[in-house]
Amino acid sequence: MNSSQPDTVVIATRESRLALWQAEHVRDRLAAELSLKAELLGMTTRGDQILDRSLSKVGGKGLFVKELETALEDGRARLAVHSLKDVPMDLPAGFVLAAILEREDPRDAFVSSRYEDVDALPQGACVGTSSLRRVVQLKALRPDLRIEPLRGNLDTRLRKLDEGGYDAIVLAAAGLKRLGLGERIRAVFNEQRMIPAAGQGALGLEVREDDAALRQALQAFIHTPTWLATHAERAVSRALGGSCSVPLAAHAVVTAGQMQLDVALGNAADPSQPLLRARLSGPVADTATAEALGQAAAAQLRQQGGDAYLAAGAAA
Ligand SMILES: NCc1[nH]cc(CCC(=O)O)c1CC(=O)O
């Protein structure tokens, strides 16, 4: 594609089964649709090594992304494939998201061997999740539930469920489906009842800002409705500080140039506090109008008392 670049695109990826599936998926699409040869460079990131503590306490989303960016910077790789949900709201200078692929099922999944959905859980049942967003929304649905931390990659989390540590766990449907584990899903949460995380189910392709040739080639992979929806979702998060220690949910759907955006904010210091919610809709033509709707949603959360929730969470 560019005489100064080798003709094999090296893709930096984490080494979890899900990350490898996602990187292989992009490699195969590069070959099939763009006739580009690609190979994977597997890397262990700091986020993968920390399994005992909640991510929100040790530095958050950036942990999964930084090592891959170093590989792009060094020229060991040209492309990094990420779960968009794990990508910080603002990339470091010199990096861009060249494309966001059409998203998989964005919803959260209820996984349990004994219970068919969250409503069927007995009083005081134990549910595993370390996501503050899932905690506050589960508490809103079922204040009686006992929610226990659950970390690790998808296989680890399913094993911990199977070992009997929890009555149920909540995971992203997208990851389970990609790994052929869709049969473990007992129920999917309606996306208004359990609003997904910004970017959930979508893949982001990160490259060096100065890699004009690859940026140009990857434009073919941009799925416009997903691009617009996730830019709105990420704008909500950015406007509220962008940290994964904030129990924030943001989910948008774009159809025929119209976006509907649902957001919810909980209180990390006291997950039993009522959720703040907003729903906005409007026409979206481009990234700027999508982000403006996201900013308007964040402003509505602030008007409802969101600043006090954010301050309480930051102090906790
Ligand atoms: N936070 C980890 C993470 N990052 C992306 C996914 C799932 C796949 C996706 O959302 O694209 C998961 C697992 C989960 O939340 O259950």
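Any Cβ shown, glycine's included, is placed from N, Cα and C.
Under the heading domain 'Porphobilinogen deaminase N-terminal', TrEMBL lists 9-215. According to TrEMBL, the domain 'Porphobilinogen deaminase C-terminal' annotation covers 228-302. Residues or ranges marked as S-(dipyrrolylmethanemethyl)cysteine in TrEMBL: Cys244.
Cβ neighbours within 10 Å of Cys244 (S-(dipyrrolylmethanemethyl)cysteine), excluding its own Cβ and spanning all shown chains: 24. When the domain 'Porphobilinogen deaminase C-terminal' (228-302) is classified with DSSP, helix, strand and coil residues number 28 helix, 24 strand, 23 coil. Averaged across the domain 'Porphobilinogen deaminase N-terminal' (9-215), pLDDT for the predicted model comes to 93.
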